[in-house]
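A.B. asks: Pasting the relevant annotations from TrEMBL:
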- 35-56: transmembrane segment (TRANSMEM)
- 62-78: transmembrane segment (TRANSMEM)
- 90-108: transmembrane segment (TRANSMEM)
- 114-135: transmembrane segment (TRANSMEM)
- 142-163: transmembrane segment (TRANSMEM)
- 175-192: transmembrane segment (TRANSMEM)
- 199-223: transmembrane segment (TRANSMEM)
- 229-246: transmembrane segment (TRANSMEM)
- 258-278: transmembrane segment (TRANSMEM)
- 319-337: transmembrane segment (TRANSMEM)
- 344-362: transmembrane segment (TRANSMEM)
- 368-386: transmembrane segment (TRANSMEM)
Amino acid sequence: MHVVADTETLVADGVITQDQACEIRARGRQAMMTLAINTFLTFGILAATLGLIFWLADALTVAVFGLVMLAAGMAILFRGGMLYRMFGNAASLIGAGMLIGGATVELLEKFEDAAGPVMTLGGLVLLGLFTAAFLKSRQSAAFVTGAILLMAFAFHLAGLGLWLDQIGLTGSVKALFYLYAAAALALLGWFIDVRLVTALAIAPFAQALDTGTAYFHAAYVFYSPEPTLSIMQMAALMIVTLLIVRHRPERLARHARILAILAFVVANLCALVGSLWGDYVGETMWGPQRSDFTGEDRWSRWGEALDAFRETALYIPEGVYSVFWAVALAGMIAYSAWRAHRGLFNTALTFAAIHAYTQLFESFGDEPLAYVVGGLAAIPLAWGMWRLDHWLTGQRETH
């Protein structure tokens, strides 16, 4: 687990030597440089691949160019020295990306009806081939084979999504598709040991209940039609991942840790939605749907059915949401501080500030007494946390 520490203070306190502090700083700098280099490299590969596919705009030309780039890259990797290895990786991935991406564009443009099943099954074949290649080339070409493995999965997943859309399957089948995508991404991220891939799993996992994002001119939007159910979903994921963090080896724990943080982020965004508008639990899942009504008076009949559903549905008002969200944030701040989960701790503090800022304008802008009560309640809470920390520390030291 990564821990933030002041090396100068540790040296002054005699915990570590000056040489050890220098080594820690050097390794930290090297990790940041590696991340920066890989970021630029990944962006360059993606931009060049997509640009070449649409610039050449011919299936045969794209395929030939892709094969040449792939062959040249592999030749550099196996015959060139370490100095040119980065160019070999880039050429190989641009070539592979052109082949897979070009095939995708060609199928969608000229064979749309067959594209779904072909991409689904073809992606599975590629996944099998490059899984074997990755296992055999962990020392020599893991970066290339791992990246192509991701391309194969994207090819497969896009095909499966298209196929389900062509068949017209929605509802629970759509939710299962998103859960499958989330589980596969998490497994793939762990397999190639890239936490960014694992982190992507949170998007389809949230979309299983239609939680997601949208963009229109000059605005990014987060929406959650079922904030309560989505919070419960994310809480379940957090419990599972935090148990993994506590009881499994670090190689798996670091992937679970990033998923726990992102699940907490999504849960807080859902809580923000609930604190602003409240929530009729299950309204978009079990309530009347607009698509169920036809005719000129469909809007009025849908509105009447919706009102009837809301009369019997569980409703959580925005005020209740705001209070429970604040309590949950306070609990997470205390828990994450005790367990040294810095990511969860920083996230909880960030959303506590967002919550306070939001409620300042939405609920308590003209209610100064609310801040008096909240502030006075926070002081004994801080004292209680301090005493609890001392007691827990003493218990741990005695055992």
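Please read every residue number as a count from 1 along the shown chain.
Backbone N, Cα and C define each Cβ position, glycine as well.
Since this is a predicted model, take the numbers as computed values, not measurements.
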A.B. asks: Need a quick answer: max count of Cβ pairs under 8 Å to the transmembrane segment (199-223), which of 35-56, 175-192, 229-246, 258-278, 319-337 is it?
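C.D. replies: Looking only at 35-56, 175-192, 229-246, 258-278, 319-337, the most contacts with the transmembrane segment (199-223) come from 175-192.
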A.B. asks: Between the transmembrane segment (175-192) and the stretches 35-56, 114-135, 142-163, 344-362, work out which stretch tops the count of Cβ pairs under 8 Å.
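C.D. replies: Between the stretches 35-56, 114-135, 142-163, 344-362, 142-163 has the largest tally.
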A.B. asks: With contact taken as 3 or more Cβ pairs under 8 angstroms (pairs 6 or more apart in sequence), are the transmembrane segment (142-163) and the transmembrane segment (90-108) in contact?
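C.D. replies: Output yes: the transmembrane segment (142-163) sits against the transmembrane segment (90-108).
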A.B. asks: Looking only at residues six or more beyond either end of the transmembrane segment (35-56), which have a C-beta under 8 A from one in the stretch?
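C.D. replies: Distant contacts of the transmembrane segment (35-56): 62, 65, 86, 89-90, 93-94, 97-98, 101-102, 105, 147.
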A.B. asks: May I ask for the residues of the chain that lie six or more residues beyond the transmembrane segment (114-135) and have a Cβ under 8 Å from a Cβ within it?
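C.D. replies: That would be 100, 103-104, 107-108, 141-142, 145-146, 148-149, 151-160, 162-166, 191-192.
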